[in-house]
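Copied from TrEMBL, the annotated features are:
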{"type": "DISULFID", "residues": "CYS157-CYS190", "note": "disulfide bond"}
{"type": "DISULFID", "residues": "CYS158-CYS174", "note": "disulfide bond"}
{"type": "TRANSMEM", "residues": "25-48", "note": "transmembrane segment"}
{"type": "TRANSMEM", "residues": "60-88", "note": "transmembrane segment"}
{"type": "TRANSMEM", "residues": "94-119", "note": "transmembrane segment"}
{"type": "TRANSMEM", "residues": "237-262", "note": "transmembrane segment"}
Amino acid sequence: MARRGAVPAGPLGDDFSFVSPVVKYVLFFFNLLFWVISMVMVAVGVYARLLKHAEAAMACLAVDPAILLIVVGVLTFLITFCGCIGSLRENICLLQAFSICLTIIFLLQLAAGVLGFVFSDKARGKVSEIINGAIVHYRDDLDLQNLIDFGQKEFSCCGGVSYKDWSQNMYFNCTASNPSRERCSVPFSCCLHDANQTVINTMCGHEMQKMGYLEASAFIYTNGCIDKLANWIHSNLFLLGGITLGLALPQLVVIVLAQLLINQIRDQIKLQFYNQQHRADPWY
């Protein structure tokens, strides 16, 4: 059996190729799929961004789902462009760029998981900071508002640490100087809902911050979303681990395919150079 990369005993035919069509086109169609998905993500993000008022969008830039969608979409588009064109055109530079970017993303995901586990207290503090920032901008961004309402209803919680965190929002602030009609209230997504209730009372959280925990618990969720989220994560570690593994394995497979295709292209270049040398030989 010949050593890999060694010069063959004799020139092979012009129709011979080290490049496997299976590896090449599996890599191409995988990248093509995510290339299309990335364009859809960017289009949806831009459309959602344009629908918002400029002032509201700028006020909530750090937690804007539309901006996040655009950024992720553009990065995915650029990376999959390298993989798609690189595999189709058998371009080593594009394939190497694709492989390196995907490897960096994989390592960052791994590092984030390890750091999140090791520094769980700091991660909790960061989550708390994000939730509090979202509460402050609740009325400034419709997408963010819908996201918070969904989270509070899904996890049966209200605010970050407790329902009184909603006093950080200028509309729900419970100070006497607040002229808002929503003063001392909480969003309707904090309210306890009857399963048979067909019409949602959006004013059900009116002046709930004036009540104590025990009194308010008869009408709204008083526990904060941070503890509920932490409990949900601890209860679903196997599920989250399975999802993480399911995302990591395709990345590893694609990285291996890209490296395999790069090596095959290099072998093909060596073969072409070897054949050219032998054709120039008068004894060939």
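In case you wondered, yes, glycine gets a Cβ from its N, Cα and C as well.
Note that this is a predicted model, so its numbers are computed, not measured.
Counting every protein chain shown, 25 other Cβ atoms lie within 10 Å of the Cβ of CYS190 (disulfide bond). By a simple count of nearby Cβ atoms, those within 10 Å, the most crowded of the disulfide-bonded residues CYS157, CYS158, CYS174 is CYS158. The two recorded residues CYS158 (disulfide bond) and CYS190 (disulfide bond) have their Cα atoms spaced 5 Å from each other. Between CYS157 (disulfide bond) and CYS174 (disulfide bond), the C-alpha separation comes to 19 Å.
Of the recorded residues, CYS190 (disulfide bond) and CYS174 (disulfide bond) place their C-alpha atoms 16 Å from one another.
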